[in-house]
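Peer 1: Sharing a structure with you now.
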């Protein structure tokens, strides 16, 4: 299954609690909570390029499944991690005590990030 495409955020759960837990300033949390960001994914075999645009903020991450990479987080911090592919529709990684699972089902992509007992879920639809 190919992840390639553009996806627009449809809904999210626990945005504010998760962003507070990772240390994002309140001002940025309030600015970001209603932005319907767009994610563009380009997949070439096991190589992925993610471009996430939320308002004026753009995050670009590139990685190859199973190889160590450096990813930029929502706070702008760069972390080293390894992204794994589970089945043919689920990307999984862990960094800084956060487990991130990105799952593709048809035209819907669900990103679930878990930090302790806080589960932040973003649901986006292919556009």
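Note that Cβ sites are derived from N, Cα and C of the backbone, with glycine treated the same way.
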Peer 1: Where does Swiss-Prot put phosphothreonine, among 51, 64, 81?
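Peer 2: Going through 51, 64, 81 one by one, Swiss-Prot flags 51 as phosphothreonine.
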Peer 1: How many neighbouring Cβ atoms, not counting its own, are there within 10 Å of the Cβ of residue 78 (N6-succinyllysine)?
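Peer 2: The answer is 10 other Cβ atoms.
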Peer 1: Using Cβ-Cβ distances, find the residues under 8 Å from residue 100 (phosphoserine) that belong to the same chain and are at least 6 apart in sequence, listing them in sequence order.
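Peer 2: 91, 92, 93, 94, 111, 112, 113 - these are the non-local Cβ neighbours of residue 100 (phosphoserine), listed in sequence order.
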Peer 1: Which whole-number value in Å describes the distance between the Cα atoms of residue 11 (phosphoserine) and residue 36 (N6-succinyllysine)?
Peer 2: 8
